[in-house]
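Note sheet for the following structure.
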Amino acid sequence: MSLTSILSAEDIQNAIKDCEAPDTFCYKKFFKLCGLSSKTPKEVKDVFQILDEDNSGFIEHSELKYFLQRFVPNARTLTEAETKNFISAADDDSDGKIGVEGQYLISHIVLVLKKNQHVGRNDLIGWIKWQLVQMKHHKLCQ
């Protein structure tokens, strides 16, 4: 499976072009431009699996740094600041990598952004924290 089997090649090119300059990458805008924000949770999971280059079940810092190159091979690497900002959006346990829970959060962030383009940052952070509490409670109850 390739990214272009899920996302249009034209949308990917537009998203890459939008963040060509260093320190211009915004994952929310990138998700919207490449079409990921309009995909189902299953399709988002498929993208996660493609981005998990070593099939470890996690997207580590080193994989995220080359995030744009997974979409277009000659794209630039993310700067250290961009990489840290991106990973912090879904790294629920501060281990420097995005796992199953992080993928779950990314897919839900995408869905929230898709449904309501005017969600504030504080609202989104509160929602994410609430989701984490719910997930941890669910794990404890199993």
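Glycine is no exception: its Cβ is also placed from the backbone N, Cα and C atoms.
Feature annotation from TrEMBL assigns Ca(2+) 1 binding site to D52, D54, S56, F58, E63. The Ca(2+) 2 binding site annotation in TrEMBL covers D91, D93, D95, K97. The feature domain 'EF-hand' is assigned by TrEMBL to 39-74.
Recorded residues D54 (Ca(2+) 1 binding site) and K97 (Ca(2+) 2 binding site) have their alpha carbons 13 Å apart, per Cα-Cα distance. When the binding-site residues D52, S56, F58, E63 are ranked by how far their Cα is from the Cα of D95 (Ca(2+) 2 binding site), F58 comes first. Fewest other C-beta atoms within 10 angstroms, among the binding-site residues D52, D54, E63, D91, D95, are seen around D54. If you take the Cα of K97 (Ca(2+) 2 binding site) and the Cα of F58 (Ca(2+) 1 binding site), they are about 6 angstrom apart, rounded to a whole number.
For F58 (Ca(2+) 1 binding site), the same-chain residues lying six or more positions away in sequence with a CB closer than 8 A to its CB are D52, K97, I98, G99.
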